[in-house]
Every structure is written in structure tokens, then in C-alpha cells.
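Read through the structure below, which is laid out as C-alpha cells, and then see the notes.
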Amino acid sequence: MTHLLIVDDEKDIVDICQTYFEYEGYQVTTTTCGKEALKLLSSDIDIMILDIMMPEVSGYDIVKKMKDMQLDIPFIYLTAKTQEHDTIYALTLGADDYIKKPFSPRELVLRTNNLLARMSKSNHSNKIEQLEFDGLVLKNLSKTLTINNIEIPMRIKEFELLWYLASREGEVISKSELLEKVWGYDYYEDANTVNVHIHRIREKLEKHDFLPYTITTVWGLGYKFERSR
């Protein structure tokens, strides 16, 4: 049974989400307190849905603490913060989805189901186990990236995006296709999702002096993973 943690200081939202997810067969743990959420973080949690604006401890703080604990729990922000810069910042923290209030509980359940299904499919896929490019090695089963035998920390979505691009080396892939194949939805309001993740991947490759290959922006069309010119 999938263990879901819901964190929101609005009890009515917590209650309705709990009702919907328990009906879907989830084991649900809830709290309306950010401080309490910090105590509930553990490897026993399979996925987390959390608000951002909460007294004392925000949704940002909870995610940062999760990273400090070296937990890799997929999470969805459910928030009234609707500005583009809010979405971008949440994605830089590694959010797997960003849903704005007011929201449809049914849509939230479906998005969560789809996220978990993609993760399960990705984790159990053995069609291609490994890609290698002049010292860069991507291992699909373990979701790890190494450069010259040094493992580079990556969030799951960063890895999946790089894997998708690298597995189609030299091809131009549109943002809409990347959104559909990596995130599982075609949501143009969140087109910056791809930009943010591409930027973070490039930073990691450059930080570790990986120069033979690069992710190239093809203006008006998309991105491609190719040998550096």
C-alpha cells in the first residue's frame, strides 16, 4: 500500500484530500503543522503532497530538511502561490508537480497516480540499462549518473530528462514532448519546467568539467543532446 503524507495548514483541504486518497487505496498520514511534518519525514513515506505557505515551517523548509536527511521522497506542491517565479523556485527544489489552488481533488489523485505509475515503470524498465558517452555513464535501473567514475547527485526528474535526451542523441526534442514523456502531461502553463531542469543538468555537467557532449537549445524547436562542436 502506498504511504502518502499530506501537509497543509487548512484542515478542510487535508480532510478532503485524505478522503479521496483513502478511497483510492492509499495509506494516508496527515498533519496541519509544518513542525510536525518534519518529525514525520522518513523512508516509510512513498510520496508527499504539501502546501508552501504555512506558519513557522514552510513547505520549502520541509523539502530542504528532507534533502538534509538524504531522503528522496517524490513530492507535489499544492499551493495558492500562483506566480511564475513561485513555480520556478519550487521546481528548482525538485518538485515533481505543482498544483495551484483552488484545485480539483480528483485531478490531484490522478496526477499522483500517474506520477507513481511513471516512477514504477521507469524503475522496472530493463529495455536499456546503460548509456555511455566519453566518460559519462547513465545507469537506468539505479538512476545514477557518473562522470569519470564519480557519481553525480541528481533528482529523479533530472535523471529522467537527461536519459530521455541522451537515449535519442542528436535528435531535436520539443518541450511539449519532454513534458509528456518525462512528466506525463501536456501543460503549457508549466513550460518553464523543462527550462529549469535543463539549466540544472547543464550546471552539473559543467561543474564536473564534462565537455565532450552538451545539451543544445534549438531555438523555437526544443533541445538535443549532442557532441560538443
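Heads up, the Cβ atoms here are built off N, Cα and C, so glycines get one too.
Keep in mind it's a predicted model, so treat the numbers as computed, not measured.
According to Swiss-Prot, the feature domain 'Response regulatory' maps to 3-116, an assignment based on sequence analysis.
Taking Cβ-Cβ distances under 8 Å and a sequence gap of 6 or more within the same chain, the neighbours of D51 (4-aspartylphosphate) are V7, D8, D9, E10, I13, G59, Y77, L78, T79. Feature annotation from Swiss-Prot assigns 4-aspartylphosphate to D51; the stated evidence is sequence analysis.
Taken from Swiss-Prot, the feature DNA-binding region covers 128-227.
Residues belonging to the DNA-binding region (128-227) score a mean pLDDT of 87 in the model.
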